[in-house]
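> OK, TrEMBL features for this one:
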type	residues	note
TRANSMEM	51-75	transmembrane segment
TRANSMEM	82-98	transmembrane segment
TRANSMEM	104-129	transmembrane segment
TRANSMEM	149-167	transmembrane segment
TRANSMEM	173-195	transmembrane segment
DOMAIN	221-401	domain 'Major facilitator superfamily (MFS) profile'
TRANSMEM	225-252	transmembrane segment
TRANSMEM	258-281	transmembrane segment
TRANSMEM	288-306	transmembrane segment
TRANSMEM	312-334	transmembrane segment
TRANSMEM	346-365	transmembrane segment
TRANSMEM	371-390	transmembrane segment
Amino acid sequence: MSLAAQTLHGFIARHRFLLGFVLLSLLAGISVGLAKVTTSLYALSLHATPLGFGLIAGAQSVGILFMSLPMGVLVDQFGPGRLFRLGSVAVGLIYLAVPAVDALAWLLATTALVSFVMPLRFVSLNTVFMQQLQTVGEAKAGWFRGSHMLGMFLIGPGLAASLVAWAGFAASYWLIGLSFITAVLLAPLVFRCGVYQRQPGRRLSLAELRQQLALLRDEAALRQLALYDFVGGACHMYYSFFIVAIAIQGFGLGATEAAGLITVLGACFIATLFLAGSLLARWGEARFYLAGFALALLGLLALGLARWAPLLWLGGGLLGLGLGVQQVGNLARYARLGRTLGGGRIAGLMALIGPAGSVLGSVAGGLLGGLLGLQTLFLCLLPCFVLFAWQQRPRRQAVFI
């Protein structure tokens, strides 16, 4: 065996879990990206009204809000590997059934059903990754979210448009369903025996769910972290949902240019998830968070005060960097809290808080945008990040005393 082959073999052996996890997460992201864009295109072909599009968009999240906390219990009761396999097969079968009825009501029903089953997959992945982060190192904290978003936002959507044009909707949904089922074959790379240490005695009940929610009341560190995650999710979703309308209506950009603003934020966010983790240990948590909040503040200022289009691109990039830094810090803190409070409990809460913020971002934009102006709402988010930065200030001073 050559020296290069030996080096490669050694690298794979040392990082087997991380490489397997990134591969599985990337495939999961591609599958979700394919499904989301194909569903939008299919709804368009079924002549969906704006109300119909809104219902389908809401149906993609409704089940996640209801099922995230129960999944945090079930992952300890049955184990993450079993839940991931069950969820992958169930989601795959639902997507295989979508072309069976050519009606918008059927598409809405299957989309909602998928949202109730999908947490079986990502809560399981979250739980295992958080527990293993102590082994792979906090510098890799963003790799799971980064690989998933790389597939969901950059690879999957492009493949979906090409796939629908080449094979049609029925074949596209069949391939999407098979991609979810195929993930079961990769599951042993991540869900090996002994990888996740379950908390004994947890059983799904209302009392157990209340105890899970009570952590937000009893644990100040978790409450602060949840607020960071909630506001970050709201900010990310508001930008992604409304920046196209702002760019077209307020700055006269074309549809392609306006859509590129979403890509700018997504690319900066994903790159930060992969690259910023090494700075966390070097700078310390307080300084790391301060950098993220400062970048987000500058991005929001540029977006809210922009009077010419290049500032939108600058603001989107800065906001993506800031939210990415914040997300890396959040994931590392979630993992540390999971080791003391229980991985399943924290994974369930984490799966609920971010999407809840995303829902607020889209709903608040729709309700307040007409009153205050869509662009002005970026400035309304500034006080949150100023408060977050101020909360880090005493901790930063304490390090240097």
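Just so it is clear, glycine is given a Cβ too, placed from its N, Cα and C backbone atoms.
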> Which one, 104-129, 225-252, 288-306, 346-365, 371-390, has the most C-beta pairs under 8 Å toward the transmembrane segment (258-281)?
225-252
> What stretch of 51-75, 104-129, 225-252, 346-365, 371-390 shows the most Cβ pairs under 8 Å to the transmembrane segment (312-334)?
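That would be 225-252.
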> List, by number or range, the same-chain residues at least 6 past the transmembrane segment (149-167) whose CB is under 8 A from its CB atoms?
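Result: 25-38, 41, 175, 263, 266-267, 269-270, 273.
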> Under a Cβ pair cut-off of under 8 Å, which of the recorded stretches 104-129, 173-195, 288-306, 346-365, 371-390 contacts the transmembrane segment (225-252) most often?
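Out of the listed stretches, 346-365 contacts the transmembrane segment (225-252) most.
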> Count the Cβ pairs between the transmembrane segment (371-390) and the transmembrane segment (288-306) that lie under 8 angstroms and are 6 or more residues apart in sequence, then report whether there are at least 3.
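Judged by the Cβ rule, the two regions touch, with the required three close pairs present.
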> May I ask for the residues of the chain that lie six or more residues beyond the transmembrane segment (288-306) and have a Cβ under 8 Å from a Cβ within it?
235, 239, 243, 251, 276, 279-280, 312, 314-326, 328-329, 375-379, 381-382, 385-386, 388-389, 392-393, 396
> Determine which recorded stretch among 51-75, 82-98, 104-129, 173-195 has the most C-beta pairs below 8 angstroms with the transmembrane segment (346-365).
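If we count Cβ pairs closer than 8 Å to the transmembrane segment (346-365), 51-75 scores highest.
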